[in-house]
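J.: Pasting in a structure now, in structure tokens, and then I'll have a few things to ask.
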Number of protein chains: 4
Amino acid sequence: MSLSTGLILRLEPLYMSDIKKVVLAYSGGLDTSVIVRWLQDTYNCEVVTFTADLGQGEEVEPARAKAEALGVKEIYIEDLREEFVRDFVFPMFRANTIYEGEYLLGTSIARPLIAKRLIEIANETGADAISHGATGKGNDQIRFELGAYALKPGVAVIAPWREWDLTSRETLMKYCEEHDIPVDFSNKKKKSPYSMDANLLHISYEGDILEDPWAEAEDDMWRWSVSPEEAPDQATYMDLTYEKGDIVAIDGKAMSPATVLEYLNKVGGENGIGRLDIVENRFVGMKSRGCYETPGGTIMLRAHRAIESITLDREAAHLKDELMPRYAKVIYNGFWWSEERKMLQQMIDESQRYVNGDVRLKLYKGNVIVVGRRSEDTLFDESIATFEDDAGSYDQKDAAGFIKLNALRMRIEAGKGRDLS
Amino acid sequence: MSLSTGLILRLEPLYMSDIKKVVLAYSGGLDTSVIVRWLQDTYNCEVVTFTADLGQGEEVEPARAKAEALGVKEIYIEDLREEFVRDFVFPMFRANTIYEGEYLLGTSIARPLIAKRLIEIANETGADAISHGATGKGNDQIRFELGAYALKPGVAVIAPWREWDLTSRETLMKYCEEHDIPVDFSNKKKKSPYSMDANLLHISYEGDILEDPWAEAEDDMWRWSVSPEEAPDQATYMDLTYEKGDIVAIDGKAMSPATVLEYLNKVGGENGIGRLDIVENRFVGMKSRGCYETPGGTIMLRAHRAIESITLDREAAHLKDELMPRYAKVIYNGFWWSEERKMLQQMIDESQRYVNGDVRLKLYKGNVIVVGRRSEDTLFDESIATFEDDAGSYDQKDAAGFIKLNALRMRIEAGKGRDLS
Amino acid sequence: MSLSTGLILRLEPLYMSDIKKVVLAYSGGLDTSVIVRWLQDTYNCEVVTFTADLGQGEEVEPARAKAEALGVKEIYIEDLREEFVRDFVFPMFRANTIYEGEYLLGTSIARPLIAKRLIEIANETGADAISHGATGKGNDQIRFELGAYALKPGVAVIAPWREWDLTSRETLMKYCEEHDIPVDFSNKKKKSPYSMDANLLHISYEGDILEDPWAEAEDDMWRWSVSPEEAPDQATYMDLTYEKGDIVAIDGKAMSPATVLEYLNKVGGENGIGRLDIVENRFVGMKSRGCYETPGGTIMLRAHRAIESITLDREAAHLKDELMPRYAKVIYNGFWWSEERKMLQQMIDESQRYVNGDVRLKLYKGNVIVVGRRSEDTLFDESIATFEDDAGSYDQKDAAGFIKLNALRMRIEAGKGRDLS
Amino acid sequence: MSLSTGLILRLEPLYMSDIKKVVLAYSGGLDTSVIVRWLQDTYNCEVVTFTADLGQGEEVEPARAKAEALGVKEIYIEDLREEFVRDFVFPMFRANTIYEGEYLLGTSIARPLIAKRLIEIANETGADAISHGATGKGNDQIRFELGAYALKPGVAVIAPWREWDLTSRETLMKYCEEHDIPVDFSNKKKKSPYSMDANLLHISYEGDILEDPWAEAEDDMWRWSVSPEEAPDQATYMDLTYEKGDIVAIDGKAMSPATVLEYLNKVGGENGIGRLDIVENRFVGMKSRGCYETPGGTIMLRAHRAIESITLDREAAHLKDELMPRYAKVIYNGFWWSEERKMLQQMIDESQRYVNGDVRLKLYKGNVIVVGRRSEDTLFDESIATFEDDAGSYDQKDAAGFIKLNALRMRIEAGKGRDLS
């Protein structure tokens, strides 16, 4: 008898009309406030709000009153900064992760944590669905939903932007009026023309004039960093201390993961570091222009490569480099909670056992300059590399045999008359 | 009957004593001048010298008189700058090639061309051996010799630094005296304490205080660029025009490959761009500290990614990114003249068919900032990516199905009780 | 001014009700006959049928009368066997392509050709849509549609199985009665319980008892091969001649691509070769059980590796092996008509320049045994590999240096106290 | 102050004349017996012999008397079969490892264990060197020596075949006479003309007529298996039970790792399974012809893929497949004791957590046929894959969106006029 006869995916075909309770990723802003009301009205269900402090730089506590005003009874407001950096940002940086040669994945890496908490809260509150405010054109819907499905396969997902017809600012404002959504939810200060996302790792900008990739970003768009021009004329030096691939102290002072990143953001931003302006390929198949400020991440990437440069085995480093684009793609596409990410992480983490030591940096007007690296675990051996006498630790004659055997296959081919030029 | 019975590698066991004529990569400097004499004495053979202008920034013509003074009869002095950039540098940059995340392969990419000319000259002059001045600890010996063997499998290679006992400056100078090597061959101006190599792509520094990776490079070491601090306070804007992945014009002015690189070196160096200080892994198995100035290359790398960002298919870009570290390793390790490099190059070149258009850059105190990119072949489609109305070119509801099927395998796994968190 | 302002995807939001003419991949069987009528009724549009002989082993000409009976005016019936093998099967086999270690991609490789012809016929006949009979759970819908979209981006695609409610045999038969679909379209001989697909490369079986992966396939399911038990007691020897990686002659007799594959299928099937029973991962996210008979393909895979074993450079072979799973996935997932497939194909084809020569095989009761390989382009050099005297073509002492430098990085690590065990 | 100033590789330049004691991998055969005496004479040092039972099928105990007769005082004779299969063979098979598409790495995987024991014995006995009987043309010298250097970086290695001049059978026999090496050490029965190596995973044959790759191997060469022709006319069925990717029981009977392999070798060999005849690429750069018998390994490879086919996540499987050739190369080239092997192993082992269940095989005249697989951890879900009603667990309409977004990038490209055909 086969052991595989049972149904695995016992999904009662869940009719959307059956939904009783939904957990919403709630920012407290206008859009997600509209979503609260829209969910209540459309699905006739209870809404649980979840608001997280991931270091976006705005108070999260005000979301409570707003949610209450919308009749929400279960309100989750949490400070996830340490968990975010320790369990998501740091593991990602161990791989020197960059998407498409440029992007430090600031948005991508925050989504799996939000997905995880949405599902945990759904389990705690007995909710059968989750919801979010991401549009149907972007990557974030995918990251939220893949995470949710991976952690709770029978969950229902409601993505209002893919369902409703409130597709313009006007229709949205009209909905507010008609549904008694308090006016002050809408930001009174001049609204940024950009679509933005922020967390402790970065802030991103999309839309408006950025939709023309030939148009230079305006200088007043940027919020976290001064321009290189406005940065101090004096360089800032800094020592970072690594243990197993993670920064544990700066200038000799031990710091928690979130504190490390906050500090690097501050100093990096002051020195004009971490601005990026790119066109990237979304998982949904289109190209999009994005501007990003990642001061701390830009510093961490450079410094991590520097500490690895003296502590990591060559083939380990090359294996990591060859798999990095794939690992980046896994994260960018939203597959953090997957077997392939776990496998890659195991491999990466294994390599970091000896990635300990100090990196000295010079920060100056947008530049992150590595000026020194040292480690008890260094593999750099002056006595071998030296141009001076090496006391016999390396026999130059070995190189002749090394080259001869590396050349053998090509010599045979050329000997057969093959043209290798 | 088998077709494979014959000997492929008909190498008469070539006794070194049988060598009649050797082609030497000759710089005109002291070391390679000593090698000329040492080859004449040790192998009792004729020496042909080959001196190439690869853009190292020093006159090559003076090498003629020096060679003549050493009794050399066949003297080759050649300007290879255009060939170097067109057939080696440009193809490499089509792949956004970087070794170990940092190094732009400035030395590595020049060696295959020198190897090729050494062999071509050996064929022209009837020489049975080639020789070079690279030491037994470095990568260059490998790059010269693999190239030579691949292009002429029966050639003999003489690497004096692996053979002789002139291993200190003193013994070398003594040899000069004893063998009548004109004193003025030795550089009278204060010799740099660094071991350097230069060509149109870069200049490199090794040795001396750099042998301590914690020591910051001294500012007066650098020769091709000002420091970011000393660069102009005013940014320089520049438009680069690409055809099939190569730069063909700057600021609207058509330029040859070598002219492009010379120009970018100049402007880049003036703006403090392209300094690099790393510890790298040599093919011979040790780590070594190197400092590099690559002003033009640093600009080209950034700009090429920018033009690709709007013209290259996503999966083509990702495939290139995943194979780039391997392609870089092939070049770094000296396998330019190999079947695997040809295969990778075919793949890379295929991808560049539509990599046409303009990139606008802002250069400022060490920063290369992409501020615009445009192309007749752009794949960026504002009408799809827009946050505004897209006139039906993208149906957001498609995303729901896209996500559901991407999630299916993980839902099944979670449905079986597997923990994906 | 930006060059990228225009709309790229000028998709008039094509309302399905606007469709005037659709090209259908038509087998002549009951299902696709129902689709003809259903398209005519549902979309009130003209249907063009396209029926191809890809070597499935059934007459295609009878499809003409059936299509005529359904009122079809434009009927395409074509013999594509040579094009199929020459431009799809052979290029794929140059890469030794296998999906998930087992599957020879018999179904996958036929779809791009059908997609291409559907689009070409749509262009010829002025049709604005294509249609096919693949279900919404399988890979084939994807392969057809990705191909169609890649070759004609504005085409509409109608996939009846994803739209209609004729989801059981009963509803389908009822539809036939109600819509005057001639009774004899339904196969009178006892219908196979399996879902099958066939072309010159293979025949596949899915469904019925195969849905239990613990159940052994029944012996009377298989159609193209005898079982190993029933194969002759005498082995069959065969010589295959390769040029640039493709078979051009068998036992010294030149043959066209399709003839090669037909012949190998015949001889392979007689010798019990090419049965496969696997569970594979579909692109849509589920696992499915499939049984396949690929007699000729099984022989070709083994033989191609054999001719490569003596003619291909080692690193070329390894590069191909590392990229093969990815190339297989590209084809399996339906991305034949894509930039990444073109790039990979360029790389693969480059490697086949010298893959010439003969392979001798012994076929016996399911076994494909390589017993000899020879080539004018062989890289196997007895004089070097021999255990006997090699006349100096290889100096064993070179190996010492080769090993020492390969070991250096690990010696340094162990010297630092790292535990590599 | 830098932390990296000290010497890492404190290799007293070890003069070979200083060697006091050497541990030799000793088979008890003529060649390694000559080596014992040659080491004693040449290096004037003490020799420790190490003889291991790795399942090669010959008694190891007789090596004791022979070693004693040669004056050896420290004699190690060990049964390593369980360790060999548990810690080397099984981990390798978790990756479905094959070198160059064919070779199951039978020789390669045994060398790291021997290297490890050589070094452990060197540490126990205070020896400063190790020695082995591998020639300078093969891979085994590399595997032994890389392992030794990785585990004891300061060890000296003596490879007599690279040093001495006993390069023919005659000179070797002459040496025996002159040095009193007992005659009966030489095998009296007709010596096989092949160079062979055996352990529990395989037996290999090289040399003699195999040096012509067009010559078919003679049937009386093979020792572990009958030919398919001579195998029983009745198939053998067998159930293998897996836990975490390793076989733990056969036909319901729990077995230790070595017992599993012994049993599979026996049954496989009886059924004509596991013969292989290939030309492979050695690490030293040449191609060589080898014949291998790997009955148990051939069965294990097929069965492991089968159990993975129902229990492994798709992307995990594909990641493994893409890295497998590299993992195979790492082992083939002798880098088992390296950081990159550890990293890859971590990744592979992570994937095997749920690779549990049963595989049913049919063995018949050289064929290993998978006829069933089942598992408590199966991911095969009949309810989804079925052609019948799936009770709503899969919505076919999702496929439309899935395809549309997968096609988007190609539609945009085609919309720009790019030719993807």
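The backbone N, Cα and C atoms fix where each Cβ goes, and this holds for glycine too.
Any TrEMBL annotation is an automated prediction that lacks curation.
This is the feature table in TrEMBL:
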- D:21-182: domain 'Arginosuccinate synthase-like N-terminal' (DOMAIN)
- D:Ala25, D:Tyr26, D:Ser27, D:Gly28, D:Gly29, D:Leu30, D:Asp31, D:Thr32, D:Ser33, D:Ala52, D:Gly133: ATP binding site (BINDING)
- D:Tyr103, D:Ser108, D:Asn139, D:Arg143, D:Ser195, D:Ser204, D:Glu280, D:Tyr292: L-citrulline binding site (BINDING)
- D:Thr135, D:Asn139, D:Asp140: L-aspartate binding site (BINDING)
- D:194-412: domain 'Arginosuccinate synthase C-terminal' (DOMAIN)
J.: Taking the Cβ of D:Asp31 (ATP binding site) as the centre, count every other Cβ atom within 10 Å, in any protein chain shown.
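T.: Neighbour count, Cβ to Cβ under the 10 Å cut-off: 16.
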J.: Tell me the Cα distance separating D:Gly133 (ATP binding site) from D:Glu280 (L-citrulline binding site), rounded to the nearest angstrom.
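T.: Here the two Cα atoms are 22 Å apart.
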J.: Could you list the residues of the same chain, at least six apart in sequence, whose Cβ is under 8 A from the Cβ of D:Ala25 (ATP binding site)?
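T.: Listed in sequence order, they are D:Thr32, D:Phe50, D:Ala52, D:Ile114, D:Leu118, D:Ile130, D:Ser131, D:His132, D:Gly133, D:Phe144.
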J.: Quick check for the class: what is the C-alpha distance, in angstrom and rounded, between D:Asp140 (L-aspartate binding site) and D:Ser108 (L-citrulline binding site)?
T.: 7
J.: Looking only at C-alpha atoms, tell me how far D:Ser195 (L-citrulline binding site) is from D:Gly29 (ATP binding site), rounded to the nearest Å.
T.: 13
J.: Which three-state DSSP class does D:Asp31 (ATP binding site) fall into?
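T.: Where D:Asp31 (ATP binding site) sits, the three-state DSSP reduction gives helix.
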J.: Measure from the CA atom of D:Ser27 (ATP binding site) to the CA atom of D:Asn139 (L-citrulline binding site) and give the result in Å, rounded to a whole number.
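T.: A Cα-Cα distance of 18 Å.
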J.: Taking the Cβ of D:Ser195 (L-citrulline binding site) as centre, how many other Cβ atoms lie within 10 Å?
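T.: Other Cβ atoms found within 10 Å: 15.
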J.: Of D:Ser27, D:Gly29, D:Asp31, D:Ser33, D:Thr135, which is closest to D:Arg143 (L-citrulline binding site) if I measure between C-alpha atoms? They're all binding-site residues.
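T.: It is D:Thr135, whose Cα lies nearest.
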J.: I'd like to know which binding-site residues lie near chain C: of D:Ser27, D:Gly29, D:Gly133, D:Asn139, D:Asp140, D:Tyr292, which have a CB under 8 A from one of its CB atoms?
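T.: So none of them sit by chain C.
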J.: Quick check on the binding-site residues D:Gly29, D:Gly133: which one has the highest count of other Cβ atoms within 10 Å of its Cβ?
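T.: Within the set of binding-site residues, the most crowded position is D:Gly133.
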J.: Between the Cα atoms of D:Thr135 (L-aspartate binding site) and D:Tyr292 (L-citrulline binding site), what distance do you get, rounded to the nearest Å?
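T.: One finds 19 Å between the Cα atoms of these residues.
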J.: C-alpha of D:Asp31 (ATP binding site) to C-alpha of D:Ser204 (L-citrulline binding site): distance in Å?
T.: 18
J.: Can you give the largest Cα to Cα distance in Å, as a whole number, for the residues D:Tyr103, D:Ser108, D:Asn139, D:Arg143, D:Ser195, D:Ser204, D:Glu280, D:Tyr292 that bind L-citrulline in the record?
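T.: That value is 19 Å for the farthest Cα pair.
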J.: Look up D:Glu280 (L-citrulline binding site) in the DSSP assignment and reduce it to helix, strand or coil.
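T.: Looking at the DSSP assignment, D:Glu280 (L-citrulline binding site) belongs to a strand.
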J.: Residues other than D:Thr135, D:Asn139, D:Asp140 within 8 Å, Cβ to Cβ centroid, of the L-aspartate site?
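T.: Everything else in range on the chain: D:Ala134, D:Lys137, D:Gly138, D:Gln141, D:Ile142, D:Arg143.
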J.: Calculate the distance in Å between the alpha carbons (Cα) of D:Ser33 (ATP binding site) and D:Tyr103 (L-citrulline binding site), and round it to a whole number.
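T.: Here the two Cα atoms lie 31 Å apart.
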J.: For D:Tyr103 (L-citrulline binding site) and D:Gly29 (ATP binding site), what Cα-Cα distance in Å is obtained after rounding to a whole number?
T.: 27
J.: Could you give the Cα-Cα distance between D:Tyr292 (L-citrulline binding site) and D:Ser27 (ATP binding site), in whole Å?
T.: 20
J.: Between D:Tyr103, D:Tyr292, which of the binding-site residues has its C-beta surrounded by the fewest other C-beta atoms within 10 Å?
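T.: D:Tyr103, out of the binding-site residues D:Tyr103, D:Tyr292, has the fewest neighbouring Cβ atoms within 10 Å.
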J.: Across the domain 'Arginosuccinate synthase C-terminal' (D:194-412), what does the pLDDT come to on average, as a whole number?
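T.: Here the predicted model's pLDDT, averaged over the domain 'Arginosuccinate synthase C-terminal' (D:194-412), is 95.
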J.: Using all protein chains in view, find how many other C-beta atoms are within 10 Å of the C-beta of D:Ser27 (ATP binding site).
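T.: Summing over all protein chains shown, D:Ser27 (ATP binding site) has 20 other Cβ atoms within 10 Å.
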J.: Please list residues from the chain of D:Ser204 (L-citrulline binding site) whose Cβ is under 8 angstroms from its Cβ, counting only those at least six apart in sequence.
T.: D:Gly106, D:Thr107, D:Met196, D:Asp197, D:Ala198, D:Gly290, D:Cys291, D:Tyr292, D:Glu293
J.: For D:Ser195 (L-citrulline binding site), name the DSSP secondary structure in the helix/strand/coil scheme.
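T.: Its secondary structure by DSSP: strand.
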